[in-house]
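Let me begin by presenting the structure, written as structure tokens, before commenting on it.
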């Protein structure tokens, strides 16, 4: 039965500071069975019931909002002081699946707390500790470690919480370790700390049977037992057997699984009207009611404050009574509630309190005329009645204090004294702050730093400081709380920890690794020694011993214990027996096993030895590495055949005749002798060699030769060595030296093979020399060349060899590898003799700095100098590149039809120019010239856009004759951008062939025009004569102006490329001439413009116009000399353009900025001077220039590799802008043609009218008009001269 558990059962356990037994103790107060007076309060306070737990015969029932308040509480004002090592044990059964706290301890400021909590998620136990405002990691046990189930065996769980000074927080279930967590600092509490079973919010729902707190972290399992043996039932009924067993007073209990708190442990309903639980422990089902207001009830107990009867059934005393010896006794007359007759808890009088002595007194400001205070109004206001002394805040007489002025002071027999932990200054204290706090750990003190007594048990004040007494250690140090002085291990006088002694109680003892033991020469029958005389003397010569006559170790070095007595070990002797001093055992000579004096051995340590002159030596046939031999096996046998030896295989003398020691192993036959058994053994025989041999392997075959400069050949005979040849003079054979560079030779002047590796015989000087590709140092060493890598902004990978290759590199041997995190391809583009270019095709976007590795695996690659290729790999990084962009089908269709549209626009402009003004055609061609060559720069245009630009240059109607002159196999490829544009060769004449073909075509027209000028048909002869005259100058000037850009670009492409053959040199010569003309054209134009400007009013101006008029005739030239320099600006703009396109490919932004600046200068010139005479031509030119400017501005957006959507926008914008510009310029030329045709029609009509009038008036004698007319021809003549002027053909028209 549960009442067998007596109240003092656990009071003797070390470190226990709180113990609640909720299975038989109940009421408003819970008794602390650890005798530490840490009483618990049911709920929050005495007069609040809604937070109270419900008593049952199997523990307190918590309904989810109820809890128990451990100190500090209404009953015990001071809190529980916990150490850095602590443990909490509890028996628990959960009845509801929700998140709920089992126990919670926290400081008032919230900086420290720890708790155990059940989680509804998978029925886990959660635990957490917070120290110094730093949370540890929350930890959970595994799933379903905290189950709930009605009638579920094992749902009663024994939980243990441990906090250790090594900063660990551990949780155990049924004595088995579950989980732990480490935290940052040692757990140290400060300030006021609240402690709850359950919690004020989200409390536990279920039963708690027992709750115990220890001030240490040792494993306390006193209320848990394994499920074995015979078990009883707690609360009368249970399920047997059970897995979790409650252990109390040497009895094992299984706890009932009954869940309903309104039923007893047997499952019977509680009596009608019973609001608490009930028990079946008595003859009837008894309701557990404890009516005592501040009391505690139990089934059976003899402790004070426990209100119960000794017989069956429970009684309770009234509020003015207390229970003593099972009798309700009356409290003192002034008590409303008391613990004993003289100890009040609550007073009857208002404005009164129970002092520390349990007597009732009026509070400050109130006095009473009656004593004791037996009535409700006994305490009345004391204003003006009694004047208390300065130390009193309340008094009965002026010098008898009931309360004190000073904080932390109490009245003792009417005199104010400071409470423990404080001292009075002055004494007695008279002001509020006169009680000053003592140093931490002081119970009483005379000054702040001078303790008189200490809080800690087993501590004393030394020089005003608290220290633990001998046999105890402080944790923490100095000791500050009652249990801070902890006992040392047995035998320790002083220690730092319980198991780490510093000094010992026993004389002649020391602490080693924290444990006391006797010093050398002493022994103790008690281990460790605990008394002052436990360490006793050992026998003479003993360093350590088990008793007075049996040594364990010896004082003397090199001594051993034999039958409990010390003796010198082998190799040592002593003049004193037994040896008693540290140096009494003296070393014998090396190798001696036994000796009587140091220098004379009696026996040897080693086997196979002899003693000679008192010294140990190995016998014949044996050797020792150490002399004399000192170890038992030091004399090792020699190799078979050795008489004496110094090592196993190295003989000093031999057994066999005509033999000698071999340098490597055993013995060998002497020079001139051989043996069939090698190496020799003791039974071998040495036979004589052939007479030629110095050494031999048999009677015929030599191993070495006697004659100088000879060696053994493959037949085993002797012949001349390398670098020697056989000379026979006077039948005397001898080996003479070859040339010093020869390995073998016929004679002293003719080498056959060479000594130096890779060298070859030189027929010129009969010596050896290094071949081509080798360097002659001390030997012929291959000379190597390597390569370097360069990556352009557009990720063109250039392999640059350090020397020009002798043969072309097979690009299949070039391997470009990468991490394969990006889908990318590398395509061979072009090469020179020392540069090979590979383009990068980005299937996926390439990030900046993407690493690639280039391997060239062709071993036999040679340079023109014959040097060998060092085929190593190199790494480099690619630049950012967007994935390959694919244009829309609409864009591709436009690009594919661009050539046709371009020819259509240009043809229409040419036709219009023939009828009106050829400048319209030149303007359109000039616009397209600039735009079509934009892909020669390093900007990453899309493929469709590049094809579109290239297709604008499609006006060649005549086959290129130079394609038939130069062989394609000899052509050199141009640089990369030119080749991408579509230029297949760097040959200048091939690339400018269409220009020269057109030039030759127009030259062939001269005879035709000449013949046409002789035809007597109207004005045609005059027109063709003027046209023929213009061929002398205007045609050539116009041809050069229109081909200026093409000629310059093709010349620079040729000059930038290789020209190592005859065809290349021829093309380079023509390119140089063209380049010089391109550079000289702008200064020539400046001079001619200046001459034109000066000669406008002179007679020779007409002669100047015949030669240079085509450069000035179409312009106004009306704003000074600079307004005449249109073609100078025109050519300079193109010169800068072609230079940037060829030489600035590594600087995309600078390149495009140069082109853009040139366009802006051209536009500024056009806008400022408005140079053209005809407005249509002016408008068409400006439209073309602004289109070019727009294209260059948009080109900036292709440099940083746009995304696909932006590329599509820019691509379409450029294409549509160029097509629109061509269309507008063609329309302007057609409009001009229309105007010219219309004007021509008017002229023809008027000419016909004039002819009619002339004919009419020539037949009349009388003029039909005014009589003032002098003749009939006057009116038509005026009409002819003033209105019907025939068109005059100028250089402009002819152009």
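Here the Cβ of each residue, glycine as well, is placed from N, Cα and C on the backbone.
Annotated features in TrEMBL:
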type	residues	note
SIGNAL	1-17	signal peptide
DOMAIN	337-380	domain 'EGF-like'
DOMAIN	394-436	domain 'EGF-like'
DOMAIN	444-486	domain 'EGF-like'
DOMAIN	494-536	domain 'EGF-like'
DOMAIN	544-586	domain 'EGF-like'
DOMAIN	594-636	domain 'EGF-like'
DOMAIN	688-736	domain 'EGF-like'
DOMAIN	744-781	domain 'EGF-like'
TRANSMEM	986-1012	transmembrane segment
TRANSMEM	1033-1053	transmembrane segment
TRANSMEM	1065-1091	transmembrane segment
TRANSMEM	1177-1199	transmembrane segment
TRANSMEM	1214-1234	transmembrane segment
DSSP residue counts for the domain 'EGF-like' (744-781), split into helix, strand and coil: 0 helix, 20 strand, 18 coil
Summary of DSSP states over the domain 'EGF-like' (444-486), given as helix, strand and coil counts: 0 helix, 22 strand, 21 coil
Range from 1033-1053, 1177-1199, 1214-1234 with most C-beta pairs under 8 A to the transmembrane segment (1065-1091): 1033-1053
Intrachain neighbours beyond the domain 'EGF-like' (594-636), with Cβ under 8 angstroms and 6 or more residues off its ends: 570-571, 573, 586-588, 642-648
Tertiary contacts of the domain 'EGF-like' (744-781) (same chain, 6+ residues out, Cβ under 8 Å): 722-723, 725, 736-738, 862, 865-868
Long-range environment of the transmembrane segment (1033-1053) - Cβ separation under 8 angstroms, sequence gap at least 6: 922, 925-926, 929-930, 933, 936, 974-975, 978, 983, 986, 988, 991-992, 995, 999, 1002, 1070-1072, 1074-1075, 1077-1078, 1081, 1106-1111, 1127, 1130-1131, 1134-1135, 1137-1139, 1141-1143, 1291, 1294-1295
Helix-strand-coil residue split for the domain 'EGF-like' (337-380), DSSP-based: 0 helix, 18 strand, 26 coil
Reported mean pLDDT - the domain 'EGF-like' (594-636): 88
Residues of the domain 'EGF-like' (544-586) by DSSP state, where helix covers H, G and I: 0 helix, 17 strand, 26 coil
